[in-house]
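Engineer: According to TrEMBL, the protein has these features:
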- Glu180: active site, proton donor/acceptor (ACT_SITE)
- Glu253: active site, nucleophile (ACT_SITE)
- 37-328: domain 'Glycosyl hydrolase family 59 catalytic' (DOMAIN)
- 336-450: domain 'Glycosyl hydrolase family 59 central' (DOMAIN)
- 487-659: domain 'Glycosyl hydrolase family 59 C-terminal lectin' (DOMAIN)
- 1-22: signal peptide (SIGNAL)
Amino acid sequence: MDCRESALLVSVLFLALDLCSAQNYVLSDDGGLGRVFDGIGGLSGGGATSRLLVSYAEPYRSQILDFLFKPNFGASLHILKVEIGGDAQTTDGTEPSHMHHENDENYYRGYEWWLMKEAKKRNPNITLIGLPWAFPGWVGHGKNWPYDYPDVTATYVVNWILGAKQYHDLDIQYVGVSTESMSLSPKVLRNMLDKVGLPGVGIIAADGDWSVANSMILDPYLKNSVDVIGAHYPGTTTITEALKTQKKLWSSEDYSTFNNEVGGGCWARILNQNYVNGQMTATISWNLVASYYEDLPFGRDGLMTAEEPWSGNYVVESPIWITAHTTQFTQPGWTYLQTVGHLAQGGSYIALTDGKGNLTVVIETMTHNHSVCIRPPLPPFNVTSQNATFQLKGSFASIKELQVWRSQFDFKTSKASFFEKLKPLKLVDGSFTLNLAEDEVYTLTTISTGSKGSYPDPPPSAPFPKVYKDDFDVRSPPFSEAPYFADQTGVFEYYINLTDPGPHVFTLRQVLTERPITWATDADQTISVIGDYYWQNLTVTCDVFMEKMNAGGVFIAARVDKGGQSIRSAKGVFFWVFADGTYKVTNDLVGETVLAEGQSGTEVYGWYTLSLTVKGQYASGSLNGYPLWKNAVVLTPKAGWAAIGTRSFELAQFDNFALVAE
């Protein structure tokens, strides 16, 4: 025997030993099936997470939507959950309500209607869900609590569902009742839905944690009212009481993790293990697409990133392709096999069937440090490379070939490959063996229609333009909000001022007159930010119009350093004028740190042009082209957004907004 023969023999022996060491896993329906699969989805809202998406020009906006919703192209999502706008700050901004006031109904505000229609256009079978995070102030009848009058609150929610159908031909399949709103009671909501002819709209409760399960066990009427028990960030586990209800169990809000490769690893792990560990049959990502200013809270916590409508740039991040491993080869209504579980050396596998002979298996081997989600804390575990042999039995025993798709994370060389189609796998006696490395995702399926969609590269990333202006002169605006403005407290909408025959017919108006009800921390002032968070030196100019007598006030601002749930503590340079004829310059939104103040002569129902220039450590301001104050010393913050806003929840108008940054 020569050296080559010896080497060959050794190789064969090692291969034999390697295969012998493979752990065996059976995939079978002989003992029955598991739970019915309800889908994988994304969440727009909670809040204002899709704000910048609507401002993308074509073809880029449609391309982004295709990557999210188009079947057999990208994420191919089964579910879209949206915020029922409540006029309040709910994480990254405010979303307008369909009922600012009790006698006000408008089902064209905001962009969630548009988004649902675009999703439905691409996937007519997509499941649509609505959930209120906040409510207009009138719902609480003077209290910061919307549930003392459950019929009022239920009517408000049901009106949104009816409006979706009447004005947009959208059928909402589920509505969430949050943990905070359990005193609304799913029973009240169920009665009202049935009363108005919506018995098919299911209720998700408590859309927060599993605690509603205990109440459902004790209250049969409550149990009959609830279709799905939904938990947020469950850490892939459920509780015994939830399982005892025999209701659908969903992770109705999950992920919320920066969408780099660790975020992709988090998503891969929980998509499998939410079912393996917790029997959850749907998982919904917060958020759908990171389409808000990145320096707001939870920047880039979406399945993909689309935060630059001014440049057209967007990024198809790894979670899109991790989603595709399941969504492109299953559909809601498929059923999990009972034979799912953990791999011997770490990782997990799931298997689903359509009951017609098709089978899809998804395997993940994500290691601990490469799959950490933002919440909850992840207990330690180990994953090592391994061989796994899968034996198909029952109705799957005759399958001869499986399509193979693979994603390989690479945290050492950054040469990852996602959703790569490999050669079909030939089965021998219904069996196949895989050599599984760490941080991989495999799909093995009888479905042959999967594809990795693509478009030519979008334009390169670019900062917000240093010279920008908007006269709000839009006669038929496609959306109620002006491009790029991100409302952080209050709601700023296009407005037609029919009482002004002059140059201010088309304006932007802050429309809220009372504080909304929200779990987040709205400011006492309204504010909408715009621009580049890293701007230091800039000039902001805007025409302003106060509509509140005596105590009314408006501002323009630069270097605003906070937004989202932190908006109340925002610092910056705020140039205010008031209806009582005074002005003030403050270093904070709340107006406690005064840099300058004096007489302005400003009054209600008059247009004024404000201009604010900040350069280095100094700021100056003018009124109607004349210097009003100058050289106010600004030590901090060093940079931030531009902004407009009002002193309180009051009507006010803005026009001819312009900024020039250095």
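From the backbone N, Cα and C atoms, a Cβ is placed for every residue, glycine too.
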Engineer: For a quick check of packing: other C-beta atoms within 10 Å of the C-beta of the residue listed as 'active site, nucleophile', how many?
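Structural biologist: For the residue listed as 'active site, nucleophile', the 10 Å Cβ neighbour count is 23.
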Engineer: Provide the three-state DSSP residue tally for the domain 'Glycosyl hydrolase family 59 central' (336-450): helix first, then strand, then coil.
Structural biologist: 6 helix, 54 strand, 55 coil
Engineer: Give, as a single whole number between 0 and 100, the mean pLDDT over the domain 'Glycosyl hydrolase family 59 C-terminal lectin' (487-659).
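Structural biologist: Over the domain 'Glycosyl hydrolase family 59 C-terminal lectin' (487-659), the predicted model scores a mean pLDDT of 97.
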